[in-house]
Each structure stands twice: as structure tokens, then as C-alpha cells.
């Protein structure tokens, strides 16, 4: 893998904005993160936790996400944190193993596995510069495209009101979702200045107001929540470390790491920059360290949120100060349980309308990366076509693996995992000599040079 040129951070990411712009831009990112805040809700309800405990877990993800963003944007020393305007939230990739471990062993073992797997990833980070050889554009472009495609159904289900809800698929849900989506598109196309920049926020605000007038918002979770609380380490007891739980979590955290690697390409496409290998390695190491921190504070593994990169692309603002504002806001809001409750009452159809636009931007970023691949020299057609077919197929037909062991079922039915593994293996098999510049290939290239006129 050729070393990428360094990002001109000062020119692209250090734009200073007045507070009157920073606050609404930070709020826009907060609203985009609402989906990731639902991970602890899903885990908690799946393993039978009460509403108060689930609300505490939501506050914990607010705190850990805020700290993770600040570590990533500011950096620690020379090798921790990318110093790029990433926004970090809970990872959906680790959702399955978290539910299984939580059900079988309880929360202390769940958080123990998150801490231990994070430490393992930190140790692996010292070899990330070698691992990056496995991810040329043909692999990352395929992965990011699949990521957008596999996320779209989640957005579409919310667009219809949320799968399993009484009003799922009702005309009113679809109409409100369409209003949100069209508002975002039209404001981005025809809006000027701050209106265009805040197109996503305004779309969500308009959709929420309409839903409120239609009686679709239940405010009781907000009124019943406490005003202030403090998130403390080991709130649910001393972590328990079980080998089987740690192995399972580590496997899925490696998949999460692959997604995080792909996020650098998404950011580069959105900001027209190129991340250096040093920046990528530092960012991935920072992600691993924040995972350990998450386990300590009763939270879940983090990922770079590509939907927030989509927000940057929509708004045109890529300043690190917006991410810093978002991170600080999350830390402050983690002490306010009423806010944790409030973010869960935004109607699903409103979220879905916004997510359709944002996940579409992710898919487009993947296609843009693939457009830069040399299809004549890298066997790209075979690599992309095969891996995307397997990824889409496994994601939408998970029953194919019903007779596999539970761990393999979780892995193989994950379209991101299947597509990335196929793409990596095919690229290694078909482009091995080119990737690693074997002596025989180099001698052939030199011979061609000598023979050329």
C-alpha cells in the first residue's frame, strides 16, 4: 500500500466558527447520533433490564461517546487519536454478541469482555501499519458501498414507523418521513448559508413538530426522568472476565475495526483529503482505547459514525470545532437523564427520513472510491462483484446459516463481515504480487523498461 499524502489539517479541519453556528451544527450531529443511542436500549430490553437501568445505560453511552470524540479529535501524545473531525457513537456490529453475553452471563461479564477485547485491539494496533496493506481502494470501496446498502433497510423500516410498532407502514408515517427527506433534499439544493448547512436539523425539526401535532410523541419518559445523575465506573459491579465471552467480543470488535478503517475513506471522499497511514493507525488505536474506557463506564464499543460524515458532506462544514462542540455537549448531557429520555422520543418515521438521505451519502462515497479503481489491472470486477453479491445475500438471507454454530451464524449473516472477508481474500489471491511487489514481478517490470524504446 502506498503511503498517502498528509491531510492539510489547518486548511480543511481547523475552520473557526462563531458560537451561534457551532451550537446548531453540534445539535445537528447529536440528532444524527440518535440511532446509535438506541443500542443500549436494544441490549437492555433484550436481556430483560428495567426502564431505569436502560435509561442509565443511555446516559453512559452519552458520556463515553463524548469522551471518545474528544480523545479522537484532540489526540493523546503522538500515537493516539486521529485529530480529525470524527463523531463516535455505539457500534451496531457488536449488538449480537452483547445481547448473547448479557443474557448468558450478565452485565459484569459483558463489560469485562468489552474491556478485555479493547485491550487486545490496543495490542494489535502496533501492527496496524502492516494490516493496512490488506485494504486498498478496491476493498475499502466495496466495504463502504455494502455498508450503505445494508444500512438502508434499517432506515427504511424507521421511515415506515419502526418495525413491530402498531402503526408500521401507515400512510401518516410514510408521509412524515417523506416530508423530512424532501425538506433535507430541497434545503440542501436551494438553501443558502446557514439554511443549507442545517438542512438535516431543520428537516428533523419540521418532522418532529408535525408528528407532535398528530399526537405521535409520548413525553412521559421525559417527565418521569430525574434531573441530574452521575455516571460512575463499575456501576454494575466489578467486571468479570470469561474467556469464551472475550473471544466472541474480540472477533466482532475486529470487524468493527474494519468498519472504522473504512470511515477514513468516507471522510476523505467527503472532505477531498487523504489520510496518512500514521493518521489512520493513530485513529484506530484511539478507537481501541476508547473501547476500554467504555467498558469501565458501563458502556458499549464505539465506531466512527459514517452518517455524521454524511452530515458534514450535506452541510459543507468539516471543522473539528463542530466535533468538539458535539463531544462536550454529550459529556454535559450525560449528567441530565431527562435529555437521555428526550432523544428516545423522536418518532421513528422522522429518524428514518433523515437516515435515508444520510446512508445514501455513505453508499455514494463507496461508489466514488470504486470509481478510482483501475478495473483493467486489479481484477476489480471479480473482486467487487463477488464480494458484494455475498455481502448482500448473507445480510438479507441470514437463514442460510441457521444450522451453523451460534458464533458462525452471527459472523456469516453479517453482510459487512462476509463482504470484507471475500474482498480481502480475493484481493490477496488475485493481486498478491502487485500488493507486495515480489522480486519476480519487479524483475519483469525492469525487463519491460529495458526493452521499451
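Cβ coordinates come from backbone N, Cα and C, glycine included.
Feature annotation (TrEMBL): of 168-187, 268-287, the stretch labelled transmembrane segment is 168-187. Of all ranges given (312-331, 332-351, 352-371), TrEMBL attaches the label transmembrane segment to 352-371.
Contact between the transmembrane segment (237-258) and the transmembrane segment (408-430) is supported by 3 or more Cβ pairs under 8 Å, counting only residues 6 or more apart in sequence.
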